[in-house]
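Q: Pulled these features from TrEMBL for this protein:
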| type | residues | note |
| --- | --- | --- |
| BINDING | K7, Y8, G9, G10, T177, D178, Y183, R188, K213, V214 | ATP binding site |
| BINDING | T47, E78 | substrate binding site |
| DOMAIN | 278-357 | domain 'ACT' |
| DOMAIN | 359-422 | domain 'ACT' |
Amino acid sequence: MALIVHKYGGTSMGSTERIRNVAKRVAKWARAGHQMVVVPSAMSGETNRLLGLARELAPGSTTSALQREFDMLASTGEQVSVGLLAIALQAEGLGAVSYAGWQVPIRTNNAYTKARIESIDDQKVRADLAAGKVVIITGFQGVDGDGHVTTLGRGGSDTSAVAVAAALKAAECLIYTDVDGVYTTDPRVVPEARRLHTVSFEEMLEMASMGSKVLQIRSVEFAGKYKVPLRVLSSFTPWDIPIEDEARSGTLITFEEDEQMEQAVVSGIAFNRDEAKISILGVPDKPGIAYTILGAVAEANIEVDVIIQNISKDGRTDFSFTVHRNDYARTVDLLKTQVLPSLGTDRIEGDTRICKVSIVGIGMRSHVGIAAKMFRALSEEGINIQMISTSEIKTSVVLDEKYMELAVRALHRAFDLDQPAA
Ligand code: ADP
Ligand code: ASP
Ligand code: MG
């Protein structure tokens, strides 16, 4: 019998009826002799509701003091969930105890709203497990060195679950969600998307970082760092299906490349609307320009993603890059006040209506012409590519956001992702 971590997302915890189902499923595993730790998210819609209230009272403001309070507020959603789940488990006749992040404690740094887990104390949890209890720990939240509540960024309960599994050296971390695994792309956008039986850790990392929200990227990073066996599966199967069947369902994240059952060149397509593009026109084409622009942006702790610089004409060139949409206004402001005057231009353009679409696959390493095939599929749909960025196992393009779904569907078809794997 093993120590197992289950994580249940917001939809899976969305009503008392669903929470009762979660409790019955967990009870089934516990009664089979497993030591169970459960990490639930807030009930669906709750985190958005809470943050909406905050924004009503303080629109647009992002001071650190305020972000502390955002975390205090947003973390309550998960506290409700753990309490309800412990009550439901006790009603099922099981010993169960719930903890908030600070009680475990799950220690993080103090980067409010996007804190990183630094350590997890396993003592209390191990004592409860030894006493035969199911332990329920809030997702999404932790506590910093000074005792302030922090949250881990949207979708952060995945990361809490994997980090708890790593700290406890759990045999497996099962991520229960509202789809029955990781698909070739979001099945809500492409109904023909196929479920992958396995996906390599590297591919999952790229898919998550390029926008597939089925797993938060940091959870995948943790799984890789601590080699946590990780599976994504549905919470909507009947709770009483045999454990052996449940344990084999969904998608397994694999760490060995030769375990790859589905060696497609492209395994999946990810997309997001999280970024905005900024172009500075007519900058002098001379050494140090990229540094002058991007150095100032980095200094302000703003992450830059795709970058392009055009060829120069008459000693001047255009320089474009993307940042997270939330950082867009701040970046433009910073460039206008601190950077443009020294570049001898005041021409800056921004576009928040872009999207990024990426094809991902470890098979791309050993195949040529994949990017060309991507560009052809987009051109056949009349979609203009604004920016391109590549790595060994992915190619991303920046497009007008109105083409996002069309592009994803066209690429899904072009790379035969709707066909059963060979
Ligand atoms: P949870 O609340 O369980 O954490 P999320 O909404 O965060 O669930 O993540 C699950 C959702 O991720 C699915 O409902 C699906 O729409 C979306 N998704 C995006 N890309 C993929 C993909 N490649 N495979 C499966 N689901 C995906
Ligand atoms: N409740 C948090 C959110 O909505 C964390 C999570 O669901 O993973 O982002
Ligand atoms: Mg999620």
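Just so it is clear, glycine is given a Cβ too, placed from its N, Cα and C backbone atoms.
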Q: Going by DSSP assignments with H, G and I as helix and E and B as strand, what are the residue counts for the domain 'ACT' (359-422)?
A: 30 helix, 14 strand, 20 coil
Q: The record names K7, Y8, G9, G10, T177, D178, Y183, R188, K213, V214 as the residues that bind ATP; what is their largest Cα to Cα distance in Å?
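A: 22 Å is the greatest Cα spacing among the residues binding ATP.
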Q: Could you list, ordered by sequence, which of these binding-site residues: T47, T177, Y183, K213, have a Cβ under 6 Å from ligand 2?
A: T47
Q: What whole-number Å value do you get for the CA-CA distance of T177 (ATP binding site) and E78 (substrate binding site)?
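A: Between the alpha carbons of T177 (ATP binding site) and E78 (substrate binding site) there are 16 Å.
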Q: Can you give me the average pLDDT across the domain 'ACT' (359-422), rounded to a whole number?
A: 93
Q: What is the Cβ neighbour count of Y183 (ATP binding site) at a 10 Å cut-off, with all protein chains included?
A: 25
Q: Just name the winner among K7, K213 (the binding-site residues) by count of other CB atoms within 10 A of its CB.
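A: Going through K7, K213 one by one, the largest Cβ count within 10 Å is at K7.
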Q: What count of other C-beta atoms do you get within 10 angstroms of the C-beta of G9 (ATP binding site), across all chains shown?
A: 23
Q: State the count of C-beta atoms found within 10 angstroms of the C-beta of E78 (substrate binding site), not counting that atom itself.
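A: There are 30 such Cβ atoms around E78 (substrate binding site).
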Q: Neighbour count, 10 Å Cβ-Cβ cut-off, for T47 (substrate binding site): what number do you get?
A: 24
